[in-house]
Amino acid sequence: MCNLPPKFHSVCRLCLSFCGDNCSDVKLPIFDRDKDKSRLSEMIITYLSLMVSPEDMLPQVVCGSCASKLDEFHTFRELSHKSERLLVQFVQYANSLTGPKEVGVFK
Ligand SMILES: [Zn+2]
């Protein structure tokens, strides 16, 4: 066993916030108990390029504020991907009408 203080594992993995027993900010588990992946762990890996694993000995919780930021990242990602799809469709449609030599749709 290592000599980490017990509260080490109650610190937010992403911003190190810690609040005591009376704190209203709920800490959310990064991993589901019965799975080694979860929505939160996937967002941390994808959007923050941090490796998290249930076996890594680091705190396994994040605070509500960090969880909402991850949700905002996710929403923004979905929006930007949807925008890209629409823009590509628009260019394809314009090309189908005029041919690629006269694209100029954004002039
Ligand atoms: Zn946090």
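Just so it is clear, glycine is given a Cβ too, placed from its N, Cα and C backbone atoms.
Computed from a predicted structure; not experimentally measured.
Now, the feature entries from TrEMBL:
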- Cys12, Cys15, Cys63, Cys66: Zn(2+) binding site (BINDING)
- 10-90: domain 'ZAD' (DOMAIN)
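Cβ neighbour density within 10 Å is lowest for Cys15 among the binding-site residues Cys12, Cys15, Cys63, Cys66. Look at Cys12 (Zn(2+) binding site): DSSP puts it in coil. According to DSSP, Cys63 (Zn(2+) binding site) is assigned to a strand segment. Confidence for the domain 'ZAD' (10-90), expressed as mean pLDDT, is 90.
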